[in-house]
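Undergrad: Input: one structure, supplied below.
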Amino acid sequence: MLVLGIETTCDETAAAVVERHADGSALILSNIVRSQTGEHAPYGGVVPEIAARAHVDMLDGIIASAMKQSGVGFPRLSGVAAAAGPGLIGGVIVGLTTAKAIALVHRTPLIAVNHLEAHALTPRLTSALEFPYCLFLASGGHTQIVAVLGVGNYVRLGTTVDDAMGEAFDKVAKMLGLPYPGGPQVERAAADGDAKRFNFPRPMLGRPDANFSLSGLKTAVRNEAGRIDPLRPRDINDLCAGFQAAVLEATADRLGVGLELFRERFGTPRALVAAGGVAANQAIRGALEGVAARAQTMLIIPPPALCTDNGAMIAWAGAERLAAGLTDTLEAPPRARWLLDANAHAPAGFANTRAGF
């Protein structure tokens, strides 16, 4: 089957065509991504209205390029998939409305894809991976540990109770005066820094649940930076190194607990899988290798270009759902919030947070 995928949930405008074979293997025929980094850099972060307008301006051309590169005409499509959330609602509306128009005109099935599900299923696009497996999803908006039991069948084992991991990296970068996007800047600065200079907290370490918390660590970095005047490049490197080291240790601890919870409830996972933009961080990849080795499980991380937001992951999730007989009507709503695990609740004691969304 051939599926067109459209991604517009944040600041990447993307479209792709993916072919799913009868045996479950896949071939990416095209994958066009246009980042809006230049549009948002002057503001130090994503501006929702600017993002939505950029999607409007670029999406038609990107879809045309993806279709041309794939060599597939619209009549040959088995389905058209769009990220229907969670995300910035203006952008979600742009992508989903476009997909509905294509589905209507060409009488093609519509698949409204949960953006998080697309990340969760990406490892099956790049590897011959069977269910169940344990997913570590870390991005600018989400940090979760999820049991992936099948297409449409997910159980959240842990989540952040405050900041998402990518969000924390970006905020630390901004407070230290590093350019946007901040995550890669922090990683580069940390490589030249002394991680032992500052004794930053390791949040949630040793707790029996698998939840994350990063706001306290972020505040600790701000406090240390505020004591240094002037803030020199060496200081920035050391602060970034200390911050990243704390994140790595906390992540390893939280994932260790998450894997234990997975085994208790679902048996041995076929793999530990990482997805989301933060999974492109090489230091975090190294920490995940250690976690997988200690847990005696295989580690699978898609290529960096498929960890960040892209159209191929949406097309693939659409193909997986289509193969399972899961399609949507033209009434499918755009969603700013959309839980991957519909039965998930906020962690105990954190009912008033945005945890898990």
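The backbone N, Cα and C atoms fix where each Cβ goes, glycine too.
I grabbed these lines from Swiss-Prot:
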type	residues	note
BINDING	His115, His119, Asp309	Fe cation binding site
BINDING	Leu137, Ala138, Ser139, Gly140, Gly141, Asp170, Gly183, Asn281	substrate binding site
Undergrad: Where the distance is taken from Cα to Cα, which of the binding-site residues His115, His119, Asp309 turns out closest to Leu137 (substrate binding site)?
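TA: Closest by Cα distance to Leu137 (substrate binding site) among the binding-site residues His115, His119, Asp309: His119.
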Undergrad: With an 8 Å cut-off on Cβ-Cβ distance and a minimum sequence separation of at least 6, pull the same-chain contacts of His119 (Fe cation binding site), or say none.
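TA: Sequence-distant Cβ neighbours: Leu135, Leu137, Ser139, Ala275, Gly276, Met313.
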Undergrad: Give the number of CB atoms, excluding that of Ala138 (substrate binding site) itself, located within 10 Å of its CB.
TA: 29
Undergrad: I want the residues beyond His115, His119, Asp309 whose C-beta is within 8 angstroms of the mean position of the Fe cation site's C-beta atoms, in chain order.
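TA: In sequence order, the nearby non-listed residues are Glu7, Thr9, Ala83, Leu116, Ala118, Ser139, Gly276, Met313, Ile314.
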